[in-house]
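Beneath this line is the structure, given in C-alpha cells, with notes to follow.
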Amino acid sequence: MQDDNFLPPESCTTMAEVRAGVDSIDRQMVALLGVRMRFMDAAARIKPDRNLVRDEARKAQVIANVQRHAAEKGVPAGLAADLWEMLVEASIAYELKAFDQRG
C-alpha cells in the first residue's frame, strides 16, 4: 500500500504537510486493519470451538514478534507492544462476535 500524496517526514516544513502525511498513513492503516479483521473472520469460521478463540500463547507470540520488528525499524518496542495489546484484545472480541454469529 502506498500513497505518494505526501512528503517524507524529513522534508516537511509545514504542519499542513505533516498532517497530510499522517492522514495518508492513517488511511493505509485502516485498510490494513480491514484485511486483519477478514483474517479474524476466517479464524472464527475455521475454529471448531469458541474456547479456542482466546489463545494466550499466540497472543504473547504476536506481541513478541511486533516488539522485535519494531526494534528493527527503530520504533519504540514498548509503544508497539502497548498498541498491539489493544489490537489483539479488540481482535479477540471481534472474533468472538464473528464466531457467535456464524450460526
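Cβ atoms are placed via backbone N, Cα and C, with glycine included.
In TrEMBL, annotation is done automatically, which means it is predicted and not curated.
According to TrEMBL, the domain 'Chorismate mutase' annotation covers 9-99. TrEMBL lists R19, R36, K47, E95 with the feature substrate binding site.
Look at R19 (substrate binding site): DSSP puts it in a helix. Here the domain 'Chorismate mutase' (9-99) is broken down by DSSP into helix, strand and coil counts: 78 helix, 0 strand, 13 coil.
For the domain 'Chorismate mutase' (9-99), the model gives a mean pLDDT of 98. Long-range C-beta contacts of E95 (substrate binding site), restricted to its own chain and to partners at least six residues apart, with a cutoff below 8 Å, comprise M40, D41, A43, A44, V53. If you take the C-beta of R19 (substrate binding site) and look for same-chain residues 6 or more apart in sequence within under 8 angstroms, you find none.
Neighbour counts were taken as the number of other C-beta atoms within 10 angstroms of each residue's C-beta; across the binding-site residues R36, K47, the minimum falls on R36. In this entry, substrate is bound by R19, R36, K47, E95, whose most widely separated C-alpha atoms sit 41 angstrom apart.
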